[in-house]
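S.K.: The following feature annotations were taken from TrEMBL:
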DOMAIN    1-207  domain 'Major facilitator superfamily (MFS) profile'
TRANSMEM  45-70  transmembrane segment
TRANSMEM  77-97  transmembrane segment
TRANSMEM  103-125  transmembrane segment
TRANSMEM  137-158  transmembrane segment
TRANSMEM  170-189  transmembrane segment
């Protein structure tokens, strides 16, 4: 779940603590570019984009999950979710260095795609791989991973950790770590028996 539902929970909660810092960054960037200070309404509009665009990415990811899980298999599809995760971490982590608040918006779209894909494929993959007796227990790992992701997001956002003005780009790029962990560990996992039997017609592999 660390590269699946955990990513969703992390991105939902991580955006709360750096709100004022990101608004200030948008204000400063606008002033440097155009030589005039933006109105509060414009700042609020930009911040709304940053927060809500995640849902658009999530919708795109959710709509793609079914196709990717059949086209590439559950395991490879889960590995593919790390591409938008790492893209989003790079964009948001470098946004202040590049002086571009648009990079935060683009990063949030990619993180939404990752969340939408991961949440759906995680449920499929875990449910299909689980032994019959443990299927119910394994299925609830998705909600457990979401809860842990939210907790980690809130913990990282504390002022004593990364919730300060100097470190908010690192906080926004924190989703790179679970993506890298999954990239290193998931290749050693088996593929879904259901996928091998029904989609690949590999009965021996399934057994």
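Using N, Cα and C of the backbone, Cβ positions are placed for all residues, glycine too.
Please treat TrEMBL annotations as automatic predictions, because they have not gone through curation.
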S.K.: Test the contact criterion for the transmembrane segment (170-189) and the transmembrane segment (45-70): 3 or more CB pairs under 8 Å, pairs 6 or more apart in sequence, then answer yes or no.
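M.R.: Since fewer than 3 Cβ pairs under 8 Å link them, the transmembrane segment (170-189) and the transmembrane segment (45-70) do not come into contact.
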S.K.: Apart from its near flanks, which chain residues at least 6 from the ends of the transmembrane segment (103-125) lie with a Cβ under 8 angstroms of it?
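M.R.: Result: 1, 3-8, 11-12, 15, 22, 46, 49-51, 53-66, 68-69, 74-75, 77-78, 80-82, 84-85, 87-92, 94-95, 139, 141-142, 145-146, 172, 175, 179, 192.
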S.K.: Do any residues of this chain, six or more beyond the ends of the transmembrane segment (137-158), have a C-beta under 8 angstroms from a C-beta of it, and if so which?
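M.R.: Distal contacts: 1-2, 4-14, 16-18, 119, 122-123, 126-127, 129-130, 171, 174.
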S.K.: Please average pLDDT over the domain 'Major facilitator superfamily (MFS) profile' (1-207) for the predicted structure.
M.R.: 93
